[in-house]
Amino acid sequence: MTIIAPSILSADFGRLADEIADADRSGGDWIHVDIMDGHFVPNLTFGPVVMGAVRQATKLPFDVHLMIQEPERYIADFVRAGADRITVHAEACVHLHRVIHMIKEQGIPAGVALNPATPLNAVKHVLEDLDLVLCMTVNPGFGGQAFIPAVLPKLRELRRMVEARGLDGFLIQVDGGINKETAPLVKEAGADVLVAGNAVFAHPDRAAAIAELR
Ligand code: DX5
Ligand code: ZN
């Protein structure tokens, strides 16, 4: 069963709490929260204070995608603000193994994200410590970008690696350019969790958009 995680990056930030409640009513499984620092990616969003302010809008899990340098500095703050799971970028962590365990010490699942050009080698020695790997299907920073098909072989290889090691419950997530045309491709390649910003929030019927992706 595919998990659909609407990304609030494409929501109306002036009505953020209502938009989150709407993604919930429309059938989303997780709320994907994109945190950007203007250094790791060329864009800025918001921090734990704003996230905490909208946390009560839904009971769905908050799936927090940290696109920030030195994410270890903010893990505890995001957990206090209501993060149910945290994903950090391999490229943003000098001591990735340590950061993964900092997340797990908070009692929540840990994920690692890989940019399209980052090979699976970056996670192959920590896979057993992880709950999820996020294969970015665009270069992170903005919503509404075009899907990069060169990531598909990486997804297939990751799926094989997860199966070969017998990692039950391990999730493979994709993020960027996911819509009704690309969703079947990533599902076929092994993705379990589909993040979608524009495909959900810019759709006139969000429930239909989520159903189409699923
Ligand atoms: C991009 C973010 C994504 C973004 C995806 O850096 O990580 O979560 O919201 O947006 P779409 O689905 O519009 O490509
Ligand atoms: Zn994201």
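Keep in mind that glycine also has a Cβ here, set from the backbone N, Cα and C atoms.
Automatic, uncurated: that is what TrEMBL annotation is.
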Out of His65, His203, which is the one TrEMBL records at the divalent metal cation site of His32, Asp34, Asp175?
His65
Which of Ser7, Ser26 shares the substrate site with His65, Gly141, Phe142, Gly143, Gly144, Asp175, Gly176, Gly177 in TrEMBL? The record says Ser7
Name the residue among the binding-site residues Asp34, Asp175 whose Cβ has the smallest number of other Cβ atoms within 10 Å.
Asp34
Of Gly141, Gly143, Asp175, the binding-site residues listed, which put a C-beta under 6 Å from ligand 2? Please answer none if none do.
Asp175
Whole-number Å only: compute the distance from the Cα of Gly141 (substrate binding site) to the Cα of Asp34 (divalent metal cation binding site).
9
For the binding-site residues listed here, Gly141, Gly143, which shows the highest count of neighbouring CB atoms within 10 A?
Gly143
Can you name every residue in this chain, apart from His32, Asp34, His65, Asp175, with its Cβ inside 8 Å of the center of the Cβ atoms of the recorded divalent metal cation site?
Ala5, Ser7, Leu9, Val33, Asp63, Met67, Thr87, Leu134, Val195, Gly197
